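Listed in Swiss-Prot:
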- N437: active site, proton acceptor (ACT_SITE)
- C439: active site, cysteine radical intermediate (ACT_SITE)
- E441: active site, proton acceptor (ACT_SITE)
- K9, E15, K16, I17, N18, L19, D20, K21, T55, K91: ATP binding site (BINDING)
- T209, N437, E441, E623, T624, S625: GDP binding site (BINDING)
- D232, S233, L234, R262, R269: dTTP binding site (BINDING)
- 5-95: domain 'ATP-cone' (DOMAIN)
- C225: site 'Important for hydrogen atom transfer' (SITE)
- C462: site 'Important for hydrogen atom transfer' (SITE)
- Y730: site 'Important for electron transfer' (SITE)
- Y731: site 'Important for electron transfer' (SITE)
- C754: site 'Interacts with thioredoxin/glutaredoxin' (SITE)
- C759: site 'Interacts with thioredoxin/glutaredoxin' (SITE)
Amino acid sequence: MKKNLFVTKRDGRKEKINLDKIHKVLNWASEGLDDVSVSQVELCSRIQFYNNITTINIHETIIKAAADLISQDTPDYQYMAARLAIFHLRKKAYGQFEPPKLYDHVKKMVDLEKYDENLLKNYSYKEFLQMNSFIDHWRDMNFSYAAVKQLEGKYLIQNRVNGKIYESAQFLYILISACLFSQYPKNVRMNYIHRFYNAISTFKISLPTPIMSGVRTPTRQFSSCVLIECGDSLNSINATTSSIVKYVSQRAGIGVNAGQIRALGSPIRNGEAFHTGCIPFYKHFQSAVKSCSQGGVRGGAATIFYPIWHLEVESLLVLKNNRGIEENRVRHIDYAIQINKLMYQRMLSGDQITLFSPSDVPDLYKAFFSDQKKFKKIYLQYEKNKNIRKKTIKALDLFSLMMQERTSTGRIYVQNVDHCNLHSAFNPELSPIRQSNLCLEITLPTKSLNDVHDTDGEIALCTLSAFNLGKIKSLDDFKELSILSVRALDEILDYQNYPVLAAKKSAISRRSLGIGVINFAYYLAKNKVRYSDGSAHNLTHKTFEAMQYYLLEASCELAKEKGACSLFNHTNYYLGKLPIDTYKKYIDDICNEPLHLDWNLLRSKIKKYGLRNSTLSALMPSETSSQISNATNGIEPPRGFISIKVSKDGILRQVVPEYKKLRLQYELLWDIPNNTGYLQLAGIMQKFIDQSISVNTHYDPARFLNNKIPMKQLLYDLLLSYKLGLKTLYYQNTRDGSEDDQNITSKSITEDICESGSCIL
């Protein structure tokens with residue numbers, strides 16, 4: 001590099017380039033890291049220097065040089081690049097490396113209207129000094145490079161027009177804690193703030209995008225999962241559409257139950273007109289979902305639910321594929337098919353499935369969710385009733401069409417409605433589960449609206465977080481983490497605003513939470529067990545037993561302190577039923593691990609005090625949160641040791657945790673021979689989880705004759721999922737070779753559907 005080059009400082013001054021300054025920063029960034037070379041980063045950087053380059057560009061150049069060196073053999077470059085990026089970020093935010101004192105920072109941000117003014121009203125100067133003492137800014141150096149770029153892109157308060165950053169990560173963590181516990185008694189709240197800050201800033205607990213980016217700002221809307229049920233009237237359809245727009249404008253993910261909409265050709269007003277069927281209204285929903293685009297961000301995302309016995313099912317199943325024309329396709333939303341035991345039995349016995357318009361059989365539609373015995377009885381009666389419009393189709397043909405479309409699009413999902421109601425947190429007679437959410441992990445009661453202000457309707461919301469299994473040293477750790485998660489998320493329900501009254505009614509009366517996990521693949525590798533061979537069964541059983549037990553215990557303690565949720569009597573917990581009472585007993589055939597905790601003691605406590613929250617657990621996808629925590633995604637096996645994601649900031653490489661130590665213990669997705677082991681582990685988890693799991697299936701055509709996945713295999717996995725008691729199936733991933741080059745996932749499928757980040761972590 002020529003030493004007579006000049007640089008332009010951040011304040012506009014020019015001076016000769018000082019190589020020692022750069023060298024000093026690089027030495028600092030590499031301290032304590034393995035297999036990183038300062039000279040190698042300098043070598044890569046020098047080529048790109050030019051006269052009058054700005055110090056900002058120099059910094060960005062050396063960051064990119066370090067990031068480009070991230071590989072399986074040299075994973076610590078992800079931390080070197082991250083430290084350089086943190087240095088740069090703080091310079092942009094504060095004009096210096098050292099962050100300001102917390103009170104000074106909050107005062108300035110409130111004056112700029114970036115932070116909620118209630119922070120200064122709720123806490124004294126002395127309390128800010130105390131919170132400042134809790135902060136460990138060096139924890140910023142624990143982020144990977146991909147995590148820093150996610151923080152910059154999604155979480156940190158900024159001006160999205162000019163790119164100005166206003167804060168760094170530790171202020172985010174301490175102020176989320178301060179906001180959520182602001183209404184706790186003054187004699188205990190600082191203790192909770194300190195504990196919660198430590199848990200989230202050390203990645204033991206992961207929070208979703210709406211909370212991470214929104215709590216501490218004047219905007220108090222943190223919609224996670226939104227479930228909206230649509231009735232069979234124009235008023236209800238329009239109310240559904242209006243509700244979709246309100247929540248999509250907040251970048252929320254939407255689940256829509258459109259199963260009641262009558263079929264094509266059904267009479268309207270006693271035959272005065274005939275119905276146009278489902279497809280025009282699905283298009284209406286699609287337009288609503290895609291209507292809001294903020295600053296060039298793509299519109300929202302939704303999954304539509306309908307029963308497999310709907311009269312239009314053959315036309316609905318193909319709505320997402322690339323064949324057909326625009327008039328008979330609705331490709332920009334996803335679909336979930338609702339199935340129960342009788343439908344599976346018809347397929348296995350080689351029988352027919354009879355299709356109806358739900359409007360002709362309203363009692364059948366109701367029983368489909370609330371009473372399986374009654375459903376079968378009514379279904380058989382309607383099949384014999386010659387006065388009701390119907391159509392029969394061979395069950396195997398219908399299931400094959402469904403699985404064919406699931407394979408070709410990857411995004412035809414499955415909801416087993418009987419499992420959702422028989423192994424549920426809710427009493428199906430009072431609060432049946434009639435749909436799920438965008439990502440198929442939430443199972444909460446809903447009720448259709450007649451207008452957007454309808455106080456009788458119910459829109460379900462669920463508030464999410466996750467435990468990082470990689471940080472669990474003992475199963476007893478779940479006790480403290482459950483106390484903190486349950487209390488913090490419960491506070492959000494009262495802290496946030498609600499754009500639709502029916503959503504507030506549901507959230508406040510049911511207080512449903514969905515707490516899941518990240519880093520399961522690392523957890524298995526660390527414990528030297530695998531997805532595919534059954535060796536992880538007992539560990540998984542013990543882990544998820546402890547998780548659900550301590551979540552319920554924490555909610556029960558909170559109910560003792562603050563009272564049970566007002567609709568606690570709508571839950572199975574109210575009846576004394578726990579998840580261990582209602583799970584699919586086939587699980588006992590594949591896992592003989594006994595229960596280790598005192599469930600009868602817990603049952604008696606719940607009977608005495610109730611629960612503060614109707615539900616506690618759900619296992620969601622966790623793309624973004626996993627990157628922040630440098631963890632593997634949810635319960636999923638990694639596709640490769642290093643993931644490469646192409647973003648607006650360039651290529652982001654992230655290496656699985658402890659790659660060098662555990663590379664022989666990790667089981668990569670495409671090395672797993674089939675879905676059986678993964679599905680069995682999900683079934684063991686579902687034994688304890690009181691909502692559902694975003695369960696994916698994966699197929700490598702190269703493993704099959706003529707590179708074609710046999711329908712027999714697809715149906716086998718579908719039936720196995722049902723046999724294991726799984727409530728829902730999410731993506732079907734088919735290996736096409738495009739990701740084999742260093743496992744590139746240029747825009748992961750989860751990130752693509754869940755752009756809002758609301759229904760995922």
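Glycine is treated like the rest: Cβ placed from N, Cα and C.
Known features from Swiss-Prot, placed on the structure.
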| residue | record | Cβ within 10 Å |
| --- | --- | --- |
| K9 | ATP binding site | 11 |
| K16 | ATP binding site | 10 |
| N18 | ATP binding site | 12 |
| T55 | ATP binding site | 20 |
| T209 | GDP binding site | 24 |
| D232 | dTTP binding site | 20 |
| S233 | dTTP binding site | 14 |
| C462 | site 'Important for hydrogen atom transfer' | 26 |
| E623 | GDP binding site | 23 |
| Y731 | site 'Important for electron transfer' | 24 |
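Within 10 Å of the residue listed as 'active site, cysteine radical intermediate', judged by CA to CA distance, lie the following recorded positions from the set C225, L234, T624, Y730, Y731: C225, Y730, Y731. Working note on the recorded positions N437, T624, S625: by count of other C-beta atoms within 10 Å of each C-beta, N437 ranks first. Sequence-distant neighbours of Y730 (site 'Important for electron transfer') (same chain, 6+ apart, CB under 8 A from its CB) are Y413, C439, L440, E441, P621, S694, V695, N696. Ranking the recorded positions D20, E441 by how many other Cβ atoms lie within 10 angstroms of each Cβ puts D20 at the bottom. Pairwise Cα distances among T209, N437, E441, E623, T624, S625, which the record gives as the binders of GDP, peak at 19 Å.
Sparsest Cβ environment among the recorded positions C225, L234, C439 (other Cβ atoms counted within 10 Å): L234.
Considering only the recorded positions C225, S233, N437, T624, the residue whose Cα is spatially closest to the Cα of K16 (ATP binding site) is T624. Closest by Cα distance to T624 (GDP binding site), from the recorded positions D20, T55, S233, N437, is N437. Sorting the domain 'ATP-cone' (5-95) by DSSP state (H, G, I as helix; E, B as strand; all else coil) yields 53 helix, 8 strand, 30 coil. Checked against N437 (active site, proton acceptor), the recorded positions T209, L234, R262, S625, Y731 differ in C-alpha distance, with Y731 being the nearest.
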